[in-house]
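Below is one structure, written out as structure tokens, with a few remarks after it.
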């Protein structure tokens, strides 16, 4: 057994230590009070002898001792001076089992030590019933859980069941008497061992700690380790249980890898995927959803209600479709609008279907971004419309040009005849005045015919949507033709101011460049209310910018654009006009056409003061060096 002697210094207890050692006990000593807890942590003791011959009361020491792990089973003996034994009576109530008058004759000391050993044995059921060790040995032999008993001080293996030796790969002869460190069970998991030892010292037991260990062959295994202090062979020992959870750990790792692979698959899908709860809250969203809606992290969407992601007028139908999918099990396909974080609209096509998520009923929504499709459809419709306009323009030109030629020829003939008549000088004053009026009317008719010819020509040029290669184009001529078509839209709203500086030609398609300028001019006009043209101005200018680029500016004094709308001005389908007044594609198409030419388009605006759109185009190779850059207007 392990016996602790709490001394007060000196060698007066040397005879006691000698008798204990002679009886086969392991004796450890500690100075009174201070060293007892630290000594106890190295291993509980079956018998504790306290030298109580000093003036201090042993009661506080006894109470502290009985609170230590395993100390309730220990037999505590007090040594007192023979003349003051009566003063130790309170110590019996505080936890002492016996009081010895010291010094004591050897024969009596032997008897009292024998009684202490028997008392310790009775506390562990050694009198007339199967001993705890016998019970433990029986449990060890039949338990399927690897179990071991080791010494408290140095951790040597003193007993283990067959399951233990099978689990670690050692024979009984190889393992008994060796420590787990010597058996290299903790080989590459010493951190786990240190945590276990610290927990055992602190709490006196270890319950269900997940640790790693290694078998004799080096195979890594996992266990939920349980450890506690038990009396064995007359002294406290450590009993350890090693239930193997390696298959569970492997299954968890496989599941984790599977979940990671599945999540990577979902996160990298080209489509938007979200999971909604029964009450329409977001439970999961992939990164594509976050990116499409303007969020940095998909976790920002978790917990949002579907009503926060839809226009108010779309919520009822979308929520109904989600619950229809949940209740009927049918997947539904629907075109839907989503609200981005900045308030802009994203068009998607969504399919929904029920699927359990984290053990609860849920609805999965998989959506495809329709922006590109809508852009293609809009461009196709625009191309078809422009093709129709081109066909119409060609027909108009054919139908108008022939009679226009007769009209122009006859006007010329009539003017020449009147000029001849006037030159003869045979007319009187009255006839001469009528002749002058006729000549003036014919001149105005000729101007009207020329105007018709110009409009037909410009309409044919603007409406030409062939896919011919780009050519060197004079932007001033394109602007003049475009202004001819936009005059009706402008003249009732603002005065037109032109400031065309000499600029190099650009490499472009004339009709597509005309589309850009016409869109900018119409937008400028529509930003100004009709009826007060004398109060507003649309300014169109050309100049040479930095790097020899051609700069075309269209400025107006209209309502201007709010600062929060400027970043989205060129986004597809973004519009500030009332429903039915605009598609939100005009500026987006302008941006695409200018970018295709290697150019840029920028906007500056101030609410209430107007806007300036600036188109920058690279000069053609032949004209680039011909014109020096001009400073921008003040």
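Residue 1 is the first one shown; counting continues down the chain.
Cβ coordinates come from backbone N, Cα and C, glycine included.
Those TrEMBL annotations? Automatic predictions, nothing curated.
Residues annotated as domain 'Response regulatory' in TrEMBL: 2-117. As annotated by TrEMBL, 4-aspartylphosphate applies to 51. Look at TrEMBL and you will find 154-181, 258-329 tagged as domain 'PAS'. According to TrEMBL, the feature domain 'PAC' maps to 332-382. The domain 'Histidine kinase' annotation in TrEMBL covers 395-621.
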Average the per-residue pLDDT over the domain 'Response regulatory' (2-117) and send me the rounded value. 82
Cβ pairs under 8 Å between the domain 'PAC' (332-382) and the domain 'Response regulatory' (2-117), at least three: no
Just to be sure I understand the packing, how many Cβ atoms besides its own are within 10 Å of the Cβ of residue 51 (4-aspartylphosphate)? 20
DSSP puts the residues of the domain 'PAC' (332-382) at 12 helix, 28 strand, 11 coil
